[in-house]
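Reviewing the structure listed below.
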Amino acid sequence: MPSNKSVSDAPIVQFTNCRILRGHRLQREDLWVREGKILNPEKLFFEEKGSADIQLDCKDSIIAPGFIDVQINGGFGVDFSLATDDFKSGIDLVSQKILSHGVTSFCPTLVTSPPSVYHQVLPQFSIRNGGAHGAGILGAHLEGPFISKEKKGAHPEHCLRTFEAGAFQDLLATYGSLDCVRIVTLAPEMKRSSEVIQELTQRGICVSLGHSVANLSQAEEAVQHGATFITHLFNAMLPFHHRDPGIVGLLTSDKIPAGRTVFYGMISDGIHTNPAALRIAHRAHPKGLVLVTDAIAGMGLAPGRHTLGQQVVEIDGLNTYIAGTKTLSGSVATMDTCVRHFQEATGCSVETALEAASLHPAQLLGIEHKKGTLNYDSDADFLLLNDGLYVQATYIAGEEVWRQDALGM
């Protein structure tokens, strides 16, 4: 398509007086947007002879790509693992509410559930772009039920399953459909898991290792068959041991296929992972770290009793436990809180903290050509933040979808 102003009469918006996260560093330049995409100003000036229709003064804000949450179980009273007739209105509510926390795309996550729940809930999922209605939906993350009984965490034991003779057919029968599925978390030590990993990977579904007692060689074999992610590192897996570091050892393994990055999720809420463990992981493999909230229905609500799939959980401050136990069950931290805690705990740069919630999850899902960066021609999903990394405004496809009111700035 020829590049000239006649191509599009859509307005060109120029964001000025800002620092843009591009090329792994904050750069003092303007951001140009048209028709939901980020423009190359040189092409605009020299080929189209175009100029801005609207100029917006960002008052020295940071502009960063929108956050992408690949593990969120619900929030604001909505539990994605509960089969309800108004499931769609629940997902709409969460996608709208997380805009204020800088999330512009997410993977709604279902914890281990009976097949009947998957069969009822998954057909109600739809992958969709974000907008004023809420954050975009990238596809479901199915965490379980093919996980270890020993490391089930908050997952109900009576719903756990193993791969029988049919292996992949067992998985299909359990879930009912993989049409809108983006990530599957499973335990790689399970018999026949390798063929399941290969089959899922061939279908473009990301396989994550978690809730597992796998040793390092089992984890490495899973990666060689296509697994690319680790679900909430350190949580619900064997603790690091110097003779067999288990799944954690993938961060420095020399058996990862050439050109492949193993990414790992971390719940940076100050509860699930000690700051020292966060620092160890980040220093060992900084390019693989993906911040996730692992948020449950109680996020955004008062302390008390809430649900996580088939279980009742109790919220006490930032702690969430299976009712009557001290078993941690997801988080109530928001993504912007996780970004700030990660930066504070590790002492990393602002750029690094922001990329862990944007670029890295986009790379994990193979969508970094359009999300997770502010590169030219990518989707104009971005945030205005102050120097404390508090979100001031959220934009999706170049349109403002949330703004902090004047009192809260």
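Numbering starts at 1 and runs along the chain as displayed.
In case you wondered, yes, glycine gets a Cβ from its N, Cα and C as well.
The structure displayed is predicted, hence computed values, not measured ones.
According to TrEMBL, the feature active site, proton donor/acceptor maps to ASP294. What TrEMBL records for GLU143, HIS211, HIS232 is Zn(2+) binding site. According to TrEMBL, the feature substrate binding site maps to ALA154, ASN235, ALA236, ARG243, HIS272, LEU328, SER329, GLY330. For 62-401, the entry in TrEMBL reads domain 'Amidohydrolase-related'.
Model confidence over the domain 'Amidohydrolase-related' (62-401) stands at 96, taken as the mean pLDDT rounded to a whole number. Checking the recorded positions (ALA236, HIS272, ASP294, LEU328, GLY330) against HIS211 (Zn(2+) binding site) with a 10 Å Cα-Cα cut-off leaves ALA236. Cβ crowding, taken as the number of other Cβ atoms within 10 Å, peaks at SER329 among the binding-site residues ASN235, SER329. ALA154 (substrate binding site) sits 11 Å from GLU143 (Zn(2+) binding site), counting Cα to Cα. ALA236 (substrate binding site) and GLU143 (Zn(2+) binding site) are 12 Å apart (CA-CA, integer value). Most Cβ neighbours within 10 Å, among the binding-site residues HIS211, HIS232, ARG243, HIS272: HIS211 holds that distinction in the structure as shown. Within 8 Å of the centroid defined by the CB atoms of GLU143, HIS211, HIS232, the record's Zn(2+) site, lie the Cβ atoms of GLN71, GLY144, ILE147, GLY153, HIS155, THR185, SER208, GLY210, THR231, ASN235, ALA236, ASP294, excluding the listed residues themselves. If you take the Cα of GLY330 (substrate binding site) and the Cα of ASP294 (active site, proton donor/acceptor), they are about 5 angstrom apart, rounded to a whole number.
When the record's substrate-binding residues ALA154, ASN235, ALA236, ARG243, HIS272, LEU328, SER329, GLY330 are compared pairwise by CA position, the greatest distance found is 30 Å.
Sequence-distant neighbours of ASP294 (active site, proton donor/acceptor) (same chain, six or more apart, CB under 8 Å from its CB) are GLN71, ILE72, ASN73, THR109, HIS232, GLY265, ILE267, HIS272, GLY330, SER331, listed in sequence order. Of the listed binding-site residues, namely ALA154, LEU328, the sparsest CB environment within 10 A is found at LEU328.
Its Cβ placed at the centre, ALA236 (substrate binding site) has 26 other Cβ atoms within 10 Å.
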